[in-house]
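S.K.: According to TrEMBL, the record shows the following:
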DOMAIN    127-445  domain 'NADH:quinone oxidoreductase/Mrp antiporter transmembrane'
TRANSMEM  6-27  transmembrane segment
TRANSMEM  39-56  transmembrane segment
TRANSMEM  76-96  transmembrane segment
TRANSMEM  108-125  transmembrane segment
TRANSMEM  162-185  transmembrane segment
TRANSMEM  209-234  transmembrane segment
TRANSMEM  246-267  transmembrane segment
TRANSMEM  318-337  transmembrane segment
TRANSMEM  349-370  transmembrane segment
TRANSMEM  391-412  transmembrane segment
TRANSMEM  432-449  transmembrane segment
TRANSMEM  470-489  transmembrane segment
Amino acid sequence: MNLLELNWGLLAPELTIVILAAVITLADLIMKDKGDRKIFAYVSIAGILLSIYFVVQDLGEPVQQLLNDSYRIDSFGNLFKLIFLVGTAFVFLMSIHHIDKEEIEYDGEYYYLLLTALLGAMIMSSSADIITLYIGLELLSLSSYVLAGIRRKNLKSNEAGFKYVIVGGASSAIFLYGTSFIYGITGTTNLLELANRLPETFATGEYNFFIYLGFLMIVVGLGYKISVVPAYMWAPDVYEGAPTPVTAFLSVVSKAAGFAIILRMFMTVFTSLVDTSTNQYFFFDQMTLYLSVIAGLTMIIGNTMAVRQRNIKRMMALSSVAQAGYILVPLASMKLASAQLVEANMSNMIFYLMAYLLMNLGAFAVITVVTKDTGTEELNAFAGLYHRSPLLGVAMTFFLLSLAGLPVTAGFIGKFNIFISALTVNNQQSSYWLAGIMMVTSVISYFYYFNIGRQMYMRNGSNRTLSVPFGLQLVILLTFVGTFAFGLVPNVLYDYIANHFNLVDLFTMGK
């Protein structure tokens, strides 16, 4: 395709971020070293809001393909772009009063690296080709590596950046090796072409071992991005060493991008493998057993290890690991023979991702305020928080209740519906086990979530009044309202997902 013939208007959300990152990069070079670069955050938020506007304008529009069908504008990609854009806007609001030259020497880099990471996530959600997908993955990953270690004078930040590079590089290699098997068998990297060619090869049985091996390596390779077993061990160290807003970004936007890739690849490519003699989804049913093991172990390990943590960011890292297990349950318990169940599971997965965005970013906003004020990231930093700032204490309590999955919160609705969906799968014992593990591990999570509450309400701390900057106030307010509203009237969000998400787009990519 000639680039002059390309409909650039379809790429308006991505181009907005590209132009924004380029402008901020040039402005950073022109400005004096001691100049205040907080203006970059405000400009970035304005640009992100414009990008959100363009995405909303595309909702409900027919599927559009670009660049020889390697990039697609569809309902699936647009929904995930909204998650990325809203999450990143909140991170910028958190960063305005948290990032300073004493902590980050080159703070201008911080802002445009966040934008390039966001751009990578957006590319991932609309990719229709393994090569395009990998470009987005690496753009997100490389930016995240630098952001994790951007505090050059902080040893923990240096360690975080180094570990993230090592684990990320190894995982990327595993992912590429897995996709190389699939490419070698089919001769194409286009996802729709893979969905058309792979069943023919699978039916012969000649290369089935390599198809299974490729699938498993892709799962392991992408597992580090969503921090599930066995690729979760980097999370506590990286989350602890990175600046708190970056930790929030990794826990929400980066994780959601990983799930976008997994859903795009699995639901487009591997659902096409049908046993023609029985008309059963033999391959996918077998692979859901593997995903069930990953989801179950992730929930168990994440929650049990979080109980022992005394550092709040390490605790939230392992909480994020456990939450990834919960989000994976709908995919692991999916039965493709039932279109109604598939649609329900997908809706539950997207709902919980959106709820997770709100409650997790809200919790990290409070953590940003408290750790910045006390100068420590240990749990005792929250001692007496309710008495120092009642509203902040109540907000943090509500976010923790939602993460724990207790009633009148969006987290409860999302987790409850995932639990019920797992129980309604007929003749799939692994789903019943997953539902049981969800219940038990949710109870375990009460111990460490309520431990924070105990510090806030039952421990004495400083008598100094806690000051909350406006940007963080706005994040806490908006995430609190969203978490509460979607807990009371979840149908509003479920209806929005149903009206703007076409399952056919994901299976057939609009063809």
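Cβ coordinates are placed from backbone N, Cα and C, and glycine is handled just like the others.
Can you walk me through where each of these features ends up in the structure?
M.R.: Long-range contacts of the transmembrane segment (39-56) within the same chain: residues 12-14, 16-17, 19-20, 23-24, 27-28, 78, 81-82, 85-86, 88-89, 92-93, 95-96, 108, 111-112, 114-115, 118, 471, each at least 6 residues beyond the stretch ends and with a Cβ under 8 Å from a Cβ of the stretch.
Listed by sequence, the residues of this chain that lie at least six past the ends of the transmembrane segment (162-185) yet keep a Cβ under 8 A from its Cβ atoms are 130, 134, 137-138, 141, 144-145, 148-149, 194, 198, 201, 207, 210-211, 213-218, 220-225, 231, 233-234, 237-238, 269.
Below 8 angstroms of C-beta separation, residues 76-77, 80, 83-84, 87-88, 90-91, 94, 114, 117-118, 120-121, 124-125, 127, 133, 136-137, 140, 144, 147-148, 150, 191, 218-219, 222, 225-227, 238-239, 284, 313, 316-317, 320, 324, 327, 331, 346, 349, 353, 356-357, 360-361, 364-365, 368, 506-507 of the same chain, each at least six residues beyond the ends of the transmembrane segment (246-267), sit close to that stretch.
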S.K.: Any chance you could find the range in 6-27, 76-96, 108-125 with the most Cβ pairs under 8 Å to the transmembrane segment (470-489)?
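M.R.: The stretch I would name here is 76-96.
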S.K.: Near the transmembrane segment (76-96), which same-chain residues lie under 8 Å Cβ to Cβ, leaving out any that are not at least 6 residues past its ends?
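M.R.: Residues 13, 38, 41-42, 44-45, 48-49, 51-52, 55-56, 58-59, 110-111, 114-115, 118, 121-122, 125-126, 243-246, 248-249, 252-253, 256-257, 260, 263-264, 350, 353-354, 357, 361, 364-365, 368, 469, 471-472, 474-475, 478-479, 497, 500-502, 505-506 contact the transmembrane segment (76-96) from elsewhere in the chain.
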